[in-house]
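Quick look at what Swiss-Prot annotates:
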{"type": "COMPBIAS", "residues": "1-12", "note": "compositional bias 'Low complexity'"}
{"type": "REGION", "residues": "1-36", "note": "region 'Disordered'"}
{"type": "CROSSLNK", "residues": "6", "note": "SUMO2 cross-link"}
{"type": "MOD_RES", "residues": "12", "note": "N6-acetyllysine"}
{"type": "MOD_RES", "residues": "13", "note": "N6-(2-hydroxyisobutyryl)lysine"}
{"type": "MOD_RES", "residues": "17", "note": "N6-crotonyllysine"}
{"type": "MOD_RES", "residues": "17", "note": "N6-(beta-hydroxybutyryl)lysine"}
{"type": "MOD_RES", "residues": "21", "note": "N6-acetyllysine"}
{"type": "CROSSLNK", "residues": "21", "note": "SUMO2 cross-link"}
{"type": "MOD_RES", "residues": "24", "note": "N6-acetyllysine"}
{"type": "MOD_RES", "residues": "35", "note": "N6-glutaryllysine"}
{"type": "MOD_RES", "residues": "35", "note": "N6-(2-hydroxyisobutyryl)lysine"}
{"type": "CROSSLNK", "residues": "35", "note": "ubiquitin cross-link"}
{"type": "MOD_RES", "residues": "47", "note": "N6-methyllysine"}
{"type": "MOD_RES", "residues": "58", "note": "N6,N6-dimethyllysine"}
{"type": "MOD_RES", "residues": "93", "note": "omega-N-methylarginine"}
{"type": "MOD_RES", "residues": "109", "note": "N6-glutaryllysine"}
{"type": "CARBOHYD", "residues": "113", "note": "O-linked glycosylation site"}
{"type": "CROSSLNK", "residues": "121", "note": "ubiquitin cross-link"}
């Protein structure tokens, strides 16, 4: 069975630059698509909690998947709550209720207090 022809090596995952240019065969440069992630924010929180600790790219990938998963769960639950109450807008109240439903005990309490603090900070900055 003949082996398929190998193309150029795949670009390295998780590179530092958001937009780089890949070389095409005919000499024209093409912009690589942006990969959105929470890595910058995960890193900032890590440095607040443990300033002398680093994180591997594999661990960062896991954290990114975790944040995406939790975001989707909360958004889905908040959407359901808005639908049940015949509302077309997801407010902080739906998010708060979704967090209370999804997260266990003490974790939910901490998440709600941090969320309330963030909303207060945002509204006071306006």
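Using the three backbone atoms N, Cα and C, a Cβ is placed for every residue, glycine included.
The two recorded residues residue 47 (N6-methyllysine) and residue 58 (N6,N6-dimethyllysine) have their Cα atoms spaced 18 Å from each other. For the pair formed by the residue listed as 'N6,N6-dimethyllysine' and residue 113 (O-linked glycosylation site), distance between Cα atoms is given as 30 Å, rounded to the nearest Å.
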